[in-house]
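Undergrad: Take this structure first; my questions come after.
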Amino acid sequence: MAFATRHFVRAASSAAATAAAKKLIIKHVTIIGGGLMGAGIAQVAAASGHTVVLVDQSEEILKKSTKGIEESLKRVTKKKFADKPEAGAEFVEKTLKNITTSTDAGAVVHSTDLVIEAIVENLEVKNELFKRLDKFAPERTIFASNTSSLQITQMANSTTRQDRFGGLHFFNPVPMMKLVEVIKTPMTSQKTFESLVDFSKAVGKSPVSCKDTPGFIVNRLLVPYMMEAVRLFERGDASKEDIDVAMKLGAGYPMGPFELLDYVGLDTSKYIIDGWHALEPNNPLFAPSPLLNKLVQEKKLGKKTGEGFYKYK
């Protein structure tokens, strides 16, 4: 009898351990932030059959987000369902039905599997959000940030779920860009990491893995490259026009570094490089640029303001 009892306890313990080790199958997603990135993530998640709640501060923002998603879906269907307009219309309708909106993040995370944050790139604001949502979300819920430059570990430390916290860095425009960087902190559990990888694949993306290092993979290589182009121009070694042409024709890049800086936003690029410089002040790759600082101070932020390194109508 004692042997049978011990055997039963071991079997039960083993079953519990196996269950605990199982990946979370993500079906319900809450996305905080209805801007371009948040709306894009909501679109691909809903289009792949996930139940999505999109959250922002006002109904006005959410209406604009929903309208943008609908327009984006219609563009997708023109290519995907070129010969089947009825199937395309059905796809749009079905996808939109998978999305609801809310202005109360705390009220909608009580039954979600995954929270993805896509708000302003400010660590303090993000930490406040995660700290608050940590009190309302179920224990199983995974938290993820779409940050492109901030430390995931610092955000995870604002919660009690460091093992259920990671990075999901999507790229703009989300419906078109195939890449997702899945970021694993020293505390992220293997189960959480695998769940995030599976979710990335489920929404039609190609995930790559990276540790919680400044800029992850893409921006860690891309931002210093763009900054070095600025320094090349600052020194008078080449014109910005020739640098752009050289990188497009010589390296096969779709955009030159100055075109890309204007597209991304000079304020965004400055914010990233300033943050990295603060972390590693002796790293020459992270040195600030006087010219970039001057343009940002003059509110010449790129395409969104009509002028950056180039002028736009």
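A Cβ is built for glycine as well, from the same backbone N, Cα and C atoms used for every other residue.
Heads up, here are the entries from TrEMBL:
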- 28-213: domain '3-hydroxyacyl-CoA dehydrogenase NAD binding' (DOMAIN)
- Gly33, Gly34, Gly35, Leu36, Met37, Gly38, Asp56, Glu121, Lys126, Ser148, Asn172, Lys304: NAD(+) binding site (BINDING)
- Ser72, Lys79, Ser148: CoA binding site (BINDING)
- His169: site 'Important for catalytic activity' (SITE)
- 215-312: domain '3-hydroxyacyl-CoA dehydrogenase C-terminal' (DOMAIN)
Undergrad: May I ask for the distance between Ser72 (CoA binding site) and Asp56 (NAD(+) binding site), taken between their Cα atoms and rounded to an integer number of Å?
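TA: Cα to Cα, Ser72 (CoA binding site) and Asp56 (NAD(+) binding site) are separated by 19 Å.
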Undergrad: Find, for the listed binding-site residues Ser148, Asn172, the residue with the lowest Cβ contact count at a 10 Å cut-off, counting only other Cβ atoms.
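TA: Among the binding-site residues Ser148, Asn172, the lowest count of other Cβ atoms within 10 Å belongs to Asn172.
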Undergrad: By DSSP assignment, list the helix, strand and coil residue numbers for the domain '3-hydroxyacyl-CoA dehydrogenase C-terminal' (215-312), in that order.
TA: 64 helix, 3 strand, 31 coil
Undergrad: With an 8 Å cut-off on Cβ-Cβ distance and a minimum sequence separation of at least 6, pull the same-chain contacts of Met37 (NAD(+) binding site), or say none.
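TA: When sequence neighbours closer than 6 are ignored, Met37 (NAD(+) binding site) has Ala118, Asn146, Phe170, Asn172, Val174 within Cβ distance under 8 Å.
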Undergrad: Applying a 10 Å Cβ distance cut-off over all chains shown, what neighbour count does His169 (site 'Important for catalytic activity') have?
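TA: Its Cβ has 24 other Cβ atoms within 10 Å.
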Undergrad: So what's the mean pLDDT when you look at the domain '3-hydroxyacyl-CoA dehydrogenase NAD binding' (28-213)?
TA: 96
Undergrad: Closest to Ser148 (CoA binding site): which of the recorded positions Gly33, Gly35, Asp56, Lys126, His169, going by Cα position?
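TA: Result: the closest of the recorded positions to Ser148 (CoA binding site) is His169.
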Undergrad: Take the C-alpha atoms of His169 (site 'Important for catalytic activity') and Gly33 (NAD(+) binding site) and report the distance between them in angstrom, rounded.
TA: 14
